[in-house]
Structure formats: C-alpha cells, structure tokens
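Enquirer: My questions all concern the structure below.
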C-alpha cells in the first residue's frame, strides 16, 4: 500500500502550553495527532472532487517530548481499505531518529456537500 512522509518544525503554537493540554512548552499531543492525520490524508489518491475524508478513529501514543524548533518526521502507511474506510499505521520520529509517537488511524470517505447538509439539521 502507499506511504507518505513529511517533516515539520515544531512552533510555539504547537506546544502543550499553547493548546492548554499541559503547562510545558513542548510539542503537544493534539498537535502531533493533527500532523499524523494530515500525513495520512496525503496517502489517499483518486478521490472524486466531491469527496474528502474525515477522521473517525485514532489510537495514538506520545512516547517522547520535542522542543520548539525541533524537526519531526511523520510517516503514514495506508495499510487497509475496506470500501469507504481507510486504515493507517503512523510513526513520528525526531531528527535524531528517536521514535516520538505511533498511531493507528481510520478515515472515512464522505461526500462533502451531503456531509455538511447533515450538520444543518
């Protein structure tokens, strides 16, 4: 199946202190999960223009802290597709090669217009 890798430099707005998920100025778990989800979406090809994917499940582990200015590298592998459901395995490393996070993640393909209409009801 397909993989995608991207690097990202941790910003002050990505910290636990900034997110309110902690007091320290280190890469926040919510920011790491957002990077994981973004990386996973990059592996999906051939969606009709009327469709997108939405996250429906994530099981993540944040293994090691990263500081502001540090580069992290995220790789997502599409490991299964069952109809409209895409399943991924994701790893994040720091620039020294230390694994800082792992996750399994599922996304569902949805029609953009129909999805938003359901929210209006």
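Each residue, glycine too, has its Cβ placed from N, Cα and C.
Got these off TrEMBL a minute ago, pasting:
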DOMAIN    10-112  domain 'Fluoroacetyl-CoA-specific thioesterase-like'
ACT_SITE  29  active site
ACT_SITE  37  active site
BINDING   55, 107  substrate binding site
BINDING   55  CoA binding site
ACT_SITE  62  active site
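Could you tell me the structural context for the features on the list?
Expert: For residue 29 (active site), other Cβ atoms within 10 Å of its Cβ number 16. DSSP assigns residue 29 (active site) to a helix.
In this structure, residue 37 (active site) is part of a helix by DSSP.
The Cβ of residue 107 (substrate binding site) lies under 8 Å from the Cβ of 37, 40, 41, 44, 53, 54, 55, 56, 85, 86, 88, each of these being in the same chain and 6 or more residues away along the sequence.
When Cβ atoms from all protein chains are considered, those within 10 Å of residue 55 (substrate binding site) total 15, not counting its own.
Long-range C-beta contacts of residue 62 (active site), restricted to its own chain and to partners at least six residues apart, with a cutoff below 8 Å, comprise 29, 32, 100, 101.
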Enquirer: When you measure from the Cβ of residue 37 (active site), how many other Cβ atoms are you left with inside 10 Å?
Expert: 21
Enquirer: In three-state terms from DSSP, label residue 55 (substrate binding site) for me.
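Expert: Once the DSSP labels are grouped into three classes, residue 55 (substrate binding site) ends up as strand.
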Enquirer: Going by DSSP, how much of the domain 'Fluoroacetyl-CoA-specific thioesterase-like' (10-112) is helix, how much is strand and how much is coil, in residues?
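Expert: Going by DSSP assignments, the domain 'Fluoroacetyl-CoA-specific thioesterase-like' (10-112) contains 21 helix, 51 strand, 31 coil.
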